[in-house]
Ligand code: DON
């Protein structure tokens, strides 16, 4: 496959497309981003990398972090995790409260806010220094020690995150939060505030494309079964109430964030990260989705 040629074609196509949508403004700090940024980084399992645009620029990864915390929790807590969070698509917005009441405070999946807050609660119960431990894990799988939290984003979300406060206290009332809610939210807001580039994201997600192996090594970090499960949940739940649309258009497991990033993986072929801050009305990057759709069209490589 001539990836270099494909990436050049993709860059040309993207440059002709309108940048539609709106930058997330419900976390005030996120509004400061230049809306016209665009970057893409493709990292192949065979070790080759291809990129264009603002692919080395740092941005707020937001919900893309939910895959890291799920993978860590799955590794540490094992299958007991699934007693506290389900694996079904929600068909609802990422910050929706409605299903929790009828479903005993068990979130539909680990990638909606409620589900990721439960995962944060689980990690708080088992990790000595949750923020440091998560950061070290992300640095290790990204092969980049410079990765850091953006405290301004975390504090900005803390100051305005009433919806997440409602979600956690509601789940606490139903017995599905074990730690102090303020401490859990503090960890959750920090995980969402991780600042990373497309290159760092694609490198870190290669672990899910390469059967759980640390990029460029034979070191098995996750077993096959964990990788299968995490990729499956990305496929069915990675884009909230647009998971079906993403699957239909792109045909890869992936995860988005309201900072405008999307990461997707093709098992045993590649991981790819794209960033364009303008979001559609479901909270997913408009041009990012389009770029990944074009990528799987041009390569003929989707999982289907
Ligand atoms: O909790 C929140 O609302 C944000 N920290 C994360 C939301 C997010 O990225 C969901 N995205 N599509």
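The backbone N, Cα and C atoms fix where each Cβ goes, and this holds for glycine too.
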Given that TrEMBL annotates 63, 157, 164, 188, 240, 258 as substrate-binding, name the residue from 104, 113 that shares the site. 113
State the three-class DSSP label for residue 258 (substrate binding site), counting H, G and I as helix, E and B as strand, and everything else as coil. coil
Across all chains shown, how many C-beta atoms besides its own are within 10 angstroms of the C-beta of residue 258 (substrate binding site)? 24
Can you count the other CB atoms that lie within 10 A of the CB of residue 164 (substrate binding site)? 22
In sequence order, which residues at least six apart in the same chain have a CB under 8 Å from the CB of residue 63 (substrate binding site)? 94, 111, 113, 116, 192, 255, 256, 257, 258
